[in-house]
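Asker: My questions will all concern the structure given below.
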Amino acid sequence: MYKIVKHAFFAVALGCAAQTALAAGDAAAGKDKAATCAACHGADGNSMMPTFPKLAGLGEKYIYKQLKDVKSGARVIMEMTGILDPLSDQDMEDIAAYYAAQTMQLSGAKDLQLLTNAGVEVDGLELGAKVYRGGNKETGVPACMGCHSPTGQGNSPAGYPRLSGQYPEYIEKQLRAFRAGERTNDGDPMTMRSVAKGLSDAELKALANYIAGLN
């Protein structure tokens, strides 16, 4: 078993700073309000392309925070510019509740061979499992499962999103954005930015692939 790196938190994909209160949305009302989102994210939150993340089952608190951050500009997504402007806080709470209640369709992991920074070829699934479950003590990367659970289901009350089943391409894109400082809505502790900067390219790609296969 891999030793868990302590004193840090890992929450991919999408930012996971804890909020002070749970969103109180109406999932039934959110179904109609989510019609605007369906073209990219799917009517049930399962998008058809890895360009757009799956929202189904991510957790109400997390989805609500991301909607608020996109609307306020705290999280910049060019494709969503202006789309959320007409929505009230209640609208966003309802949409979050609706998508959180849906079931995510799993993506699955692939066999993967990767080159480390030292030029050594490694098994991508094994590397992904090692970092997800045990972190990397040498670079200060904590175990991802500390926040996102051993099965990748996340911690909805705390605002840590589900990762399992998400598109690996999307997970990798978000990790790279955090590492480059292009995504900054992980709160004052800069949790995800701190974690991602300790990941090598091989670890980053291996993690994204491994996480997609969790269930």
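Residue numbers in this text run from 1 along the chain shown.
Glycine residues also receive a Cβ, built from the backbone N, Cα and C atoms like all the rest.
TrEMBL: automatically predicted annotations, no manual curation.
Computed from a predicted structure; not experimentally measured.
Found this in TrEMBL, in case it helps:
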BINDING   C37, C40, H41, M80  heme c 1 binding site
BINDING   C144, C147, H148, M192  heme c 2 binding site
DOMAIN    25-103  domain 'Cytochrome c'
DOMAIN    123-215  domain 'Cytochrome c'
SIGNAL    1-23  signal peptide
Asker: Distance between M80 (heme c 1 binding site) and M192 (heme c 2 binding site) at the Cα atoms, whole Å?
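Answerer: It is 22 Å, counting Cα to Cα.
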Asker: Which residue, out of the binding-site residues C37, M80, C147, M192, shows the minimum number of other Cβ atoms inside 10 Å of its Cβ in this structure?
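Answerer: Sparsest of the binding-site residues C37, M80, C147, M192 by Cβ contacts within 10 Å: M80.
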Asker: From the Cα of H148 (heme c 2 binding site) across to the Cα of H41 (heme c 1 binding site), what is the distance in angstrom?
Answerer: 22
Asker: Whole-number Å distance between the CA of H148 (heme c 2 binding site) and the CA of C37 (heme c 1 binding site)?
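Answerer: C37 (heme c 1 binding site) has its Cα 25 Å from the Cα of H148 (heme c 2 binding site).
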Asker: Return the residue, from the listed binding-site residues C40, C144, with the maximum count of other C-beta atoms within 10 angstroms of its C-beta.
Answerer: C144
Asker: Helix, strand or coil at C144 (heme c 2 binding site), per DSSP?
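Answerer: C144 (heme c 2 binding site) sits in coil per DSSP, no helix or strand.
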Asker: If I take the alpha carbons of C144 (heme c 2 binding site) and C37 (heme c 1 binding site), what is the distance between them in whole Å?
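Answerer: A Cα-Cα distance of 29 Å.
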Asker: Looking at the binding-site residues H41, H148, which one has the fewest other Cβ atoms within 10 Å of its own Cβ?
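Answerer: Minimum Cβ neighbour count within 10 Å, taken over the binding-site residues H41, H148, occurs at H41.
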Asker: Could you tell me the mean pLDDT over the domain 'Cytochrome c' (25-103), as a whole number?
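Answerer: Across the domain 'Cytochrome c' (25-103), the average pLDDT comes out at 97.
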